[in-house]
């Protein structure tokens, strides 16, 4: 815990020292640190701070996370501006000031907010660092506009940050490395923890929202400063701020999915598109002297998506929903202005977004860190919906639980469908062949249809949705290639032929996805089928045979299907029920879609999950659990009804009887006198391990309380028994008692080595699955015949993970003993 905070504090201290040296030497003819070198060093430190902040966020340290990520994005954009200045790109008078001031203004206010909340929450060290960096940024802005402010004041503030951060960072590092033996004054973490009040668990809180809001301030500041006259022009030098904000915003989007916040993750994904588009518009004058134009359909569709997202976000927090309305207005302003970001209407909305984002950042940061909360109307809508019989909010521990086990991410399908809507409507624009880049289309297609859809596919894969993730990733590659080729001016005779061949290959892949979606649901079938219309449009355009109006027709069909899927996923992420259903599979086959049943699935890493599985087994349920080898299907041996259910669901063959598992030989102690001494010693030496021993059936079986379950376990002559070498499994047996076990797959099929496979094969036949990811081994246990062990002979029914030689060696050692 202290190591990552130490890395963060020392990183801030190192960057502040570099900047202090830079500003102290600024009046000289040649600075001590060249601008390019300073920029590269700041970029390295920004990456280090991002790492420290994200890793520390696992401890729910919201203020430290916000400080690290805020300074990280500050120095990332700042470093690129220094590199541009060092390379002579910002050569004109006032260029460096116009480039750097929008970022400085943003982080002056953002760090001041963090400092105020830090002082209110008694995080004095972090508050001092934030306030000093804020003052340094404010002094630097003043120095750019008035010679009365020298650079020494900026350097002094950075030196304060360097000393404070260095002292406490070094103190915590020493405390960590010496395990508390060396502690500098006031850096004793153990003493600090004793004085900290115990905070309630905040696992559902998204600690990355504040950073996302500050990134919105940064992009709004670039255009708002131009409207207010703070900067003289919009140009290349401001692109680093916009694209740094866009890159970090995509990271915040992914981390918000990790924090199980679907709505805010989708919102941050949307805003990252606007940031990349703004940077593209400022970069375009490098090729052409005129400003790029905006296509009208895209911002209109974007405003509709923002409005739908705002409506659903209002259910959770009315203040957040109102905040999203600023972006609805922003998209409408862009649609009304042909020159987009360069006109006064959107820039005016940018000023409002800057102020609203600052206020929202203050509210979110204070509400996470302080005991008293600023009211946001969080419970108002929830109370109203509680009276409704039609709509019921989706809540509880299984809010974001997938069908196939547990996942570390919330479902990203909302963002994936929205990106399909955005990318599809971008293709209605007819580009100018003489100036293909003059129309702002590439950011919409490449970022929305490509990068964000690829992110959605990656998250879907992490949740076990293999088909959906394959489709999203395939479509992302398609949108990127087509967008760059068509709107990047790359067409030629040869290139058109190659593009057509590639598109045909993509269509074949998509045909396979269409076939697979027959077994998924109706909505996905039409979603993948209508994408073929888009692919045909790409193909016809590549060979210069695109009929007039076909683009619009294909866009409307695919866009409307994608919009329905977007609303359905959005509705299902907030409410229970199926007001906007995705539909049933068009084709049903035996064994396909077994995982669609909402069988209870619990993470094996939690003791509470093992206890819930134990309760289910005690009440007569059957469960799939992980072991030291492959997954197995279990039932309590004192519940004959459950054992019979497991036997039937498995379609157990007579030549593959069920076995018996115990957690320790203590459970067999009462029957020890009924077991031969050699067999007892062999069991002691062999277990716990993946070795099942087939022993003669006798009266000892009755001591385990099997009752009527005995007829399903083993054969009339023998029983297979084992103690697994798995702490989760043995703890479960300690809670339940001896269990009856069989492999978690229909007889004759391969063993299951992942909880996803248990769902696919037996998901609708078991009561719960204890999920632990991939099995540690892909081979089952070794089954040893011990029915004639007293004569010194053993046999092998199955040689599994433990080889024969090792089993025979154990027997030899026992016999010698």
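Even glycines carry a Cβ here, placed using N, Cα and C.
Automatic, uncurated: that is what TrEMBL annotation is.
Residues annotated as transmembrane segment in TrEMBL: 7-26 (among others). Long-range contacts of the transmembrane segment (7-26) within its own chain (CB-CB distance under 8 A, at least 6 residues past either end) are made by residues 32-33, 38, 41-42, 45-46, 48-49, 51-53, 56, 64, 67-68, 71, 75, 125, 129, 133, 136, 140, 151-152, 154-156, 158-159, 161-166, 168-170, 172-173.
Here TrEMBL flags 32-51 (among others) as transmembrane segment.
The transmembrane segment feature in TrEMBL is assigned to 124-142 (among others).
Feature annotation from TrEMBL assigns transmembrane segment to 148-170 (among others). With a cut-off of 8 Å between Cβ atoms, the residues of this chain six or more beyond the transmembrane segment (148-170) that come close are 5-10, 12-14, 16-17, 19-24, 26-27, 125, 128-129, 132-133, 135-136, 139-140, 142, 184, 186-187.
Below 8 angstroms of C-beta separation, residues 212, 215-216, 219, 222-223, 234-236, 238-239, 242-243, 245-246, 249-250, 252-253, 256, 292, 302, 305-306, 309, 313, 324, 327, 330, 340-342, 415, 418-419, 422, 437-438, 440, 442-444, 447-448, 452, 455 of the same chain, each at least six residues beyond the ends of the transmembrane segment (267-286), sit close to that stretch. Annotation comment: TrEMBL describes 267-286 (among others) as transmembrane segment.
Annotated transmembrane segment per TrEMBL: 298-315 (among others), in sequence order.
What TrEMBL records for 348-368 (among others) is transmembrane segment.
If you look up TrEMBL, you'll see 437-455 (among others) marked as transmembrane segment.
Per TrEMBL, the feature transmembrane segment maps to 467-485 (among others).
Per TrEMBL, the feature transmembrane segment maps to 497-520 (among others).
Look at TrEMBL and you will find 525-546 (among others) tagged as transmembrane segment.
The feature transmembrane segment is assigned by TrEMBL to 552-575 (among others).
Annotated domain 'YrdC-like' per TrEMBL: 607-802, in sequence order.
Same-chain neighbours of the transmembrane segment (467-485): 413, 416, 420, 423, 426, 441-442, 445-446, 448-451, 453-454, 456-461, 491, 495, 499, 502-503, 506, 509-510, 513, 516-517, 520, 524, 527-528, 531, 535, 538, 542, counting only residues six or more beyond its ends whose CB sits under 8 Å from a CB of the stretch. Regional average pLDDT for the domain 'YrdC-like' (607-802) in the model is 85. Only pairs six or more apart in sequence are counted, and the transmembrane segment (552-575) with the transmembrane segment (32-51) gives fewer than three Cβ pairs under 8 Å, not enough to call it a contact.
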